[in-house]
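Taken from TrEMBL as is:
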- 64-298: domain 'Radical SAM core' (DOMAIN)
- C78, C82, C85: [4Fe-4S] cluster binding site (BINDING)
Amino acid sequence: MTQAVFEQLYGNQSDKQLERIAEKVFGGERISPEEGIQLFEKASLPWLGALANHVREQKHGDTTYFNRNFHIEPTNICVFSCDFCSYSRLYAHKEEGWELTAEQMLDIVKKYDGQPVTEVHIVGGVHPKLTLHFFADLLKKIKAHRPDLHVKGFTPVELDYMFRKAKMSRREGMEFLKEAGLQSLPGGGAEIFAPEIREQICADKVDAEGWLEIHRIAHELGMHSNATMLYGHIERFHHRIDHMERLRQLQDQTGGFNTFIPLKFRNKDNAMSHVPESTIVEDMRMYAIARLYMDNFPHLKAYWPMLGRNNAQLTLSFGVNDIDGTIDDSTKIYSMAGSEEQTPTMTTNELVQLIRQARRKPVERDTLYNVIQDYSEAAV
Ligand code: V47
Ligand code: SF4
């Protein structure tokens, strides 16, 4: 779409600030934090959708990526107690939680022997007895069993705790885990960076500076990573922009982020159940603004186990070009927080159909976005 067509279709907002933002987007210019806030405050859903879709199609055309992956959640026992978390159990109540041995986790990996999965995503609670050395051994065992499986694992929340317990610096700890087989970091644990919000929802875990430093080190060691933002609870629009701005700045310096993943707050069975969930309109506006603001992030992901399949399809018209993977019912984080997806699993066929129904082109990727198979023509 050209700027002239966009203006004809959507340009009667009679708002000079929004007009200037549209001009910048069409001219490939970066929008400022103040303009980001104006988008949240004033821009309509169709206006945002059209603009974000323009950016998405310029970057990726109709291509929509997915991968074949599974999760391992080593434990839901956690020394922290984030108010939004429906999943963790304190160590004092450890009999209510789960804790897998290294053998049990290796058995999960072995279940996929002979299957064309490309990634294992390892993330869980922060268990006081599961140490850096325990996880390094686990990584070595996984890589020895299946060298081709890309291991994306551990958030800075888990990493910071294990490094401190092992009395290693963040850099030493990251080097140690990389040597053991860790290849990428997932995006979790970021929540909202602003301290006044962090203090209220997850006071005791790694702060924004720690989260960003660990990702910076990962990038400096040649690893890639993702970034998330937990939105739609007690934060305000300027907190979301501050969060995205910090990520955008780090990305300018390192270029190590692959994907930004806005995570919608779900309110079942947690200490924030009184906080209403965002509407689907606000969710789509969030995705579109993320696509416009995060101009140096190549990919924008909607995580379907959290949003549900229909809403994930809708995001593909609001800037999103990735819908994560087959998952195979291997994560409990969202089913326990009230997602419609109680047993998240999709076959490759179902994922391909879901993308096709949204009139996009399904492409299977690996963790680093190398194309594995283009399904636009293939019969599945
Ligand atoms: O950091 C926890 C979030 C995250 C709730 O990198 C909640 O590819 C909503 O980061 N409502 C962990 N969100 C999951 C995560 C992730 C997921 C998928 C892919 C990738 C990736 C990363 O889950 C936590 C937290 O922000 N979370 N509880 C809740 N009630
Ligand atoms: Fe623990 Fe993570 Fe849940 Fe916080 S979100 S309580 S760190 S498992």
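Using the three backbone atoms N, Cα and C, a Cβ is placed for every residue, glycine included.
Please treat TrEMBL annotations as automatic predictions, because they have not gone through curation.
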Query raised in the report: What average pLDDT is reported by the model for the domain 'Radical SAM core' (64-298)?
Result: 96
Query raised in the report: What binding-site residues among C78, C82, C85 have a C-beta sitting less than 6 Å from any atom of ligand 1?
Result: C85
**Report entry** Number of Cβ atoms other than its own within 10 Å, given for C85 ([4Fe-4S] cluster binding site)
**Finding:** 21
Query raised in the report: Once C78, C82, C85 are set aside, which residues in the chain still have Cβ within 8 Å of the Cβ centroid of the [4Fe-4S] cluster site?
Result: F80, S81, F84, Y87, S88, G125, C202, K205
